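Everything below concerns the one structure shown next.
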Amino acid sequence: MILNKLCSCLPARVALALICSTGVIVLYMMRINLSVAIVAMVHVPTTKNVTKEKLCVPNNEELHSIHDIPGPLNGSFELLSSEIQEDKVSDLIIMTSTEKGSVLGALFYGYVTTAIFGGRMAEKYGTKRVVFISMLAGGILTLLTPVAANTHYAFFTTVRILIGIAQGVFYPALHCLISCWIPPLERPRFMSFVYLSNCLGIVITMPLCGVIIDAFGWPWVFYGSGILSLVWVIIWALLMHDTPQQHPRISPSELNYITDAISHESNAGEKPSSVPWLEIMKCRGFWAIAICHTGNAYGWNLLNTQLPSFMDGVLGLSIKKNAVMSSIPYLCRFIGSNCWSWMGDTLLTKGIITPRISRRLFSAIGLVGMGTVLGIVGFVGCNVNLVVTLLSIGTTCLGATVSGYGPNYHDLSPNFAGTMLGMSNTCAFLLGMLAPVIVGALTPDDTPEQWQAAFLSTTGVLFVGITVYLIFADTELKPWNFATKKETELGEEEEERKEFIQKKAHGSVVSLQEL
């Protein structure tokens, strides 16, 4: 096959990174498409007199009264930002701001129900199988979204929840793959390239959605991303392998390099037969990661779900310009994250800083930088370029977290990194899923003052998250990562028993006494 020949020309880890990266891009296409499409598919009636509010027009001027609107628009202005004409409102789905926020957050309601299980499922059944089912289900449900949206609000919300259930296992499962495939010193860079591909997914999706909506209508946003998911699933099934030992085209030198590097993490004992749930729950370092992750997720989900609405409702951008301008901060995060990860890898490899300092430093850069920007951006008025510049600086800083708390799971326990990420993801999205709902409640009329409150509350969440992490973060490998002596002895006895049965199966019948 062409794909097999192409992948055989690359180191197996590079091919793995490319496949995982494109998977993350497609995953985020299915997640973020609604944030742009909802601007064109939903109409939220205003609850206040627009003449009392501060308004923005496309040339970035601020209006304090309807009489300030330029000649042709004066007297006819109603919803400049949405560019919705009265005769077209009947073609849109009518929702309140709270319902709109609930639909935008629905995916995360489902996400938290499976995130905690994704890592454990991958540890038990293999990442290949878990991710295959996740993306297949997500693609089918995304194709169903336009029908659901036009049928009923409840059906629409249910489909988004189901997409979240399917996607919840994806990242924890990939974490298990990293433990099996990627040497410790390469993990920050690998995780940066793969995980921050979500930014590329957003950068591609937002402008593309604007073009597709303008040319074909909003349903094709969902049809396109659903089809891409199904195509990616086929590629994943053909080329993906759970461990280097299972890979048919990996070179002997690369296989030896991976196994030697990873073996140093497990040279103190075998992997336990069961998850040490209680020990994880008692681990201060794990909770430091989880709280930091939760703060990050809240801010990230606010941007993912609400940035196009802010650009539309406050800054008055058209659907095309909205999509392009909203995507710029994510491109900056992708570029920034890869620069941060290169810097982190270099500092660690040369022994300039310790893992403990590295995790704290890069986490602080990410959350403090983003929190500061969000605290400022609500007060800059209608200057679109300044808003986008500030958000781009914030997301560039946020990219540093991939070299911060991101690899910290593997520091504590490589064997259970996927399980811990699943647990942390659940905590993160329990709060993160509230971001669109809270913002919807705080911004019923999309006024600058309402958005200031929304951004400042997010700043507070980010600052709390990083404060806790800086105090309690830990990078020491935990004893519960390994099996106890008793578990090891029992495992050896079980292996001997299986070998005995297999030998006897070729000869006489095994008696109960022999077992």
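Every residue, even glycine, has its Cβ placed from backbone N, Cα and C.
Here the structure is a predicted model, which means the values were calculated and not measured.
Summarising the annotation, TrEMBL assigns domain 'Major facilitator superfamily (MFS) profile' to 21-477.
Per TrEMBL, the feature transmembrane segment maps to 12-30 (among others).
Nonlocal intrachain contacts for the transmembrane segment (130-149), taken as residues 6+ away from its ends with a CB within less than 8 angstroms of a stretch CB, comprise 23, 26-27, 30, 33-34, 41, 93, 118, 121-122, 155-156, 158-160, 162-163, 166-170, 173-174, 218-219, 222-223, 225-230, 232-233, 236-237, 240. For 130-149 (among others), the entry in TrEMBL reads transmembrane segment.
Note on the transmembrane segment (161-181): residues 12-13, 16, 20, 23, 27, 30-31, 106-123, 127, 130-131, 133-135, 137-138, 141-142, 145, 187, 190-191, 194-195, 242-244, 258, 262, 409-410, 414-415, 417-419, 421-422, 425 of its chain, located 6 or more positions outside it, place their CB under 8 angstroms from a CB of the stretch. As annotated by TrEMBL, transmembrane segment applies to 161-181 (among others).
Under the heading transmembrane segment, TrEMBL lists 193-213 (among others).
Within its own chain, the transmembrane segment (219-239) has Cβ neighbours under 8 Å at 1, 3-4, 7, 15, 19, 22-23, 26-27, 29-30, 33, 36-37, 128, 131-132, 135-136, 138-143, 145-146, 205, 208-209, 212-213, counting only residues six or more beyond its boundaries. Residues annotated as transmembrane segment in TrEMBL: 219-239 (among others).
Per TrEMBL, the feature transmembrane segment maps to 361-380 (among others). Tertiary neighbourhood of the transmembrane segment (361-380): same-chain residues 292, 295-296, 299, 340, 344, 353, 386-387, 390-391, 393-405, 448, 451-456, 458-460, 462-463, 465-466, 469-470, 473, selected by CB-CB distance under 8 Å and a gap of 6+ residues from either end.
The feature transmembrane segment is assigned by TrEMBL to 386-405 (among others).
Positions annotated as transmembrane segment by TrEMBL: 417-439 (among others).
The list of residues near the transmembrane segment (451-472) in space but at least 6 beyond its ends in sequence, with Cβ under 8 angstroms from a Cβ of it, reads 284-285, 287-289, 291-296, 298-299, 302, 306, 310, 314, 360, 363-364, 366-368, 370-372, 374-375, 377-379, 405, 431, 435, 438-439, 442-443. Annotated transmembrane segment per TrEMBL: 451-472 (among others), in sequence order.
With a threshold of 8 Å between CB atoms, the same-chain residues lying at least 6 positions outside the transmembrane segment (386-405) that come near it are 188, 191-192, 195-196, 199, 288-289, 292-293, 296, 299-300, 303, 307, 315, 325, 328-330, 332-341, 343-345, 358-370, 372-374, 376-377, 380, 469, 473.
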